[in-house]
Amino acid sequence: QVTEFPKRVEPEEPFENSNPREVNGRELYQSDILLTDEQINILKDRKARADLAYRWTEGEDGYPVVPYTFIDMFSADEHTIIQESLDSWMEHTCIRFVETTNFTKPYVKFYNGTGTGSNGCWARLGMIYHWTEGQELNLGPRCVT
């Protein structure tokens, strides 16, 4: 009797090779962070930013709260994976994620790549306090697995 082994499956291209190097003409920092001009200048000057205005607002319990919403449609499975990921962050850190309908304050907008025109995996850094139109967090194909 001959034992047949499954055929070897070639690994998919590594994330670093498949993610775009830039979004809207701006280079991604560390392969997945879209910085503002101010954040780029801070990095060039090698300065830390102590300004509390760039941190997510604290909730009643004193922990940072990150409001978010879904802009593009995600499948039920993708939505579950994203929610489980947020739950894991909340379980293991002090950060709290809360789905919001209040779009007058800073919040994160989850995209599946359709709304941003980018298939990569990237996000903005920290809370950009003066942006009330929301900050993009793009989860293109292969980002939600």
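Each Cβ is built from the backbone N, Cα and C atoms, and glycine gets one as well.
Curation does not apply to TrEMBL; its annotations are automatic.
Pulled from TrEMBL:
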REGION    1-22  region 'Disordered'
COMPBIAS  1-11  compositional bias 'Basic and acidic residues'
DOMAIN    47-145  domain 'Peptidase M12A'
DISULFID  Cys121-Cys143  disulfide bond
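If you take the C-beta of Cys143 (disulfide bond) and look for same-chain residues 6 or more apart in sequence within under 8 angstroms, you find Gly120, Cys121.
Over the domain 'Peptidase M12A' (47-145), the average per-residue pLDDT in this prediction is 86.
The Cβ neighbour count for Cys121 (disulfide bond), using a 10 Å radius over every protein chain in view, is 21.
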